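Working notes for the structure below.
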Amino acid sequence: MALKLTSSLSFQSQKYPCFGVPPSTSKTNLRSSKIVMASTLPSNVVGDVKKTFSPKHDVHVQVTHSMPPQKVEIFKNLDGWADTNLLTLLKPVEKSWQPQDFLPDSASEGFNEQLLELRKRSKELPDEYFVVLVGDMITEEALPTYQTMLNTLDGVRDETGASPTSWAIWTRAWTAEENRHGDLLNKYLYLSGRVDMRQIEKTIQYLIGSGMDPRTENNPYLGFIYTSFQERATFISHGNTARLAKEHGDLKLAQICGTIAADEKRHETAYTKIVEKLYEIDPDGTILAFEDMMKKKISMPAHLMTDGEDDNLFDNFSAVAQRLGVYTAKDYADILEFLVGRWNVEKLTGLSGEGRRAQDYVCRLPARIRKLEERAQARAKEGPKKPFSWIFGREVRL
Ligand SMILES: [Fe+2]
Ligand SMILES: [Fe+2]
């Protein structure tokens, strides 16, 4: 395992964790205490650009290539399997929905009327809802980062940009499907007239420039456990923004969020299938990877988000999402429990002693997280109000 320590400076994490456990008072019990800054250059040569896109939040010790090189063969040998089991889960482009199917048609005579209807419907949605929807949209818009992340993974990366392997085709086609999510939400929000698009666009630029720190170590075992978790997390959160839009009477927006959620579900099916296959081939290696990812906590893809003004923007957005029930600490525990069941982790046999300990750890973890969360909820006080530049500086309770 190659361990690249980019700086020896370590310090305590800030107020909220940059992990995927949504902000709640349980955070102090669920996070590691030490983190390391990513920057290595002496301060006199650190230029403005580097400063801008160096994480203002904590990033971890950067570990690379942790999968033993001989295991690359597992993935090379699975290329045929990926052909029949992954590529079949993609939807043909001609049968796929496109953002335009849900938006006023700017080439039609009825455009103005359709636009007025959209704006009338969106008037019923509260500011706090827009904060969450904008945060979800920005998360989707940082898609270049997620494609990069998949292409860091040893044995499955797209080596050329047009590689004919099934793994590479999957990654490109997955990206192409996902690309519609940010496009659709972005255009809807623009047309709604309810949000400050310039601030949102700045946030997207900052976020893509900052990247992400998923701690997947170029290791496809870790990478596909991460994506299994994340696709389910986005399925849940888009499903909840659909439910809330419906409650506020915007049925068209409910349909938009529900349609995106259905894509996330299909992608979850694909990534959980890969991990299921890894359990079949290498149960010990896979359970240890699952334990490793859960001990590190799943960091949310947009955790390095800023609008250039609020360095705690991601935590503030997450706190609103938690309060509205769009994505909560309970969801985190539910996803974990779902994955334990999906991969039959409790019934795994033939494990080493270390593997059995990892099995025990992940099987007990959902109950542990829930217990901590219940205690945290009992202690929780009403959050403060914070301004969000995305809605012209208006304040929303966290
Ligand atoms: Fe998505
Ligand atoms: Fe997704």
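Every residue gets a Cβ built from N, Cα and C, even glycine.
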> Among E178, E201, E291, E309, which residue does TrEMBL annotate as binding Fe cation 2 together with E231, E264, H267?
Replying inline: E178
> In TrEMBL, E178, H181, E264 are given as binding Fe cation 1, so which of E140, E141, E217 is in that site too?
Replying inline: E140
> Relative to the Cβ position of E140 (Fe cation 1 binding site), how many further Cβ atoms are located within 10 Å?
Replying inline: 24
>> Given the binding-site residues E140, E178, H181, E264, find the one whose Cα is closest in space to the Cα of E231 (Fe cation 2 binding site).
In response: E264
>> Near ligand 2, meaning Cβ under 6 Å from any of its atoms: which of the binding-site residues E140, H181, E231, E264 fit that description?
In response: E231, E264
>> Does any of E140, E178, H181, H267 have a Cβ within less than 6 Å of an atom of ligand 1? These are the binding-site residues; tell me which, or none.
In response: E140, E178, H181
